[in-house]
């Protein structure tokens, strides 16, 4: 079971890592801003191929070694899980290493050939873009909190009838494997965790909404359309994740009240469905990103280019810009968004719920 | 309506925003009653500090061109709401002075400058009527 889950995750992560250079914006190569006038430079194509080939070959080799070690050496479940995760992290480390090598390569090439030296940097904004933004409004993210409130009330109502031990951890098959003594606090622990998750999802959706709609100066209309589609898709994905978590955690909490619900492997199909939906959603998102990506096949003769923000990106991965009011910015190497670490609001949206989750789990022990 | 900012230009960013919004209204790309995005959203889209956009909006409000609505954005005022006052005319004259003076020093005649003014006026108006 564990081997199956980790192998599936391994393959999906590897596939994502391998295709990232071909999914992210073409004007940002390995975290370096490349003026559109240079995106077809042969060295860039070579760097992308180099990254994909090495990451792919090493990744598959590691997978084979992982499977062989797993089958030839009989481990206990604990050492098996440590071994499998080590291989997963090793593969991610290799792809990050390959990223780093190519990041330096492109950086040097850009410096050496003085890209963008004679181009005027321009930032374009469509003042009506916000009216066309189709992200879901906040009630969609607050609605599941009603379920939480109901389940808390219901738990307290049924408190006397609940079993003396409350499950707080579940194994990969959906069967509970760790319990704590029943108190009013531990009884509503799970709904509290659920509430924090819902808050976080709402915060993320709201932050993406407040983030920049970035246009490409030489392709304003196409880039606007692509941005609006990505934002709409992201907002729906966050909503589905929030609803999915709500359903799974509600069922788990109900199984605390009615233990017969979680006997054997009854909850397994639900958990698998949740995992498949989330992983499938990610793959569809990557597919769509690739489809909506701007096409730079035409030769640009324009004298202007997008603003080069490399100085705000540490290593092309971490964004710190105190002037920028955006909380989230699109990742430069990867799928989705990353935090603007220069904006304190981001810490509230992401780290506050995490800290509260941590406190809840510490107090429940 | 599109605006374009050059962060490396000598003209301050708030000034660039103000000028382009005014020009957009003059050209008829934005009409009275149209909403401008909220300060926060426009600042995010431009990738600049909120104070920059705020300064620009307040300048436009002081000129009587728009009304700021807390949180939701700003509305462009109609021509009736912003009747030209003698003070505003005086201000425009004051702003024109250095430009005309530069033309004089470089040798442009009154006729040339007058012609230029009419041309600029006509260029903006052609777009308005074309809409």
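Yeah, the Cβs are placed from backbone N, Cα and C, and that goes for glycine too.
No curator has checked TrEMBL annotations; they are predicted automatically.
Features of the protein shown, as given by TrEMBL:
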- A:6-24: transmembrane segment (TRANSMEM)
- A:54-76: transmembrane segment (TRANSMEM)
- A:82-101: transmembrane segment (TRANSMEM)
- A:138-157: transmembrane segment (TRANSMEM)
- A:148-195: domain 'DUF1648' (DOMAIN)
- A:184-205: transmembrane segment (TRANSMEM)
- A:233-255: transmembrane segment (TRANSMEM)
- A:267-287: transmembrane segment (TRANSMEM)
- A:322-347: domain 'DUF5808' (DOMAIN)
- A:346-364: transmembrane segment (TRANSMEM)
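Secondary structure by DSSP for the domain 'DUF5808' (A:322-347): 4 helix, 7 strand, 15 coil. Summarising model confidence by region, the domain 'DUF5808' (A:322-347) averages a pLDDT of 88. DSSP labels the residues of the domain 'DUF1648' (A:148-195) in these numbers: 24 helix, 12 strand, 12 coil. Contact between the transmembrane segment (A:6-24) and the transmembrane segment (A:233-255) is not supported: fewer than 3 Cβ pairs lie under 8 Å, counting only residues 6 or more apart in sequence.
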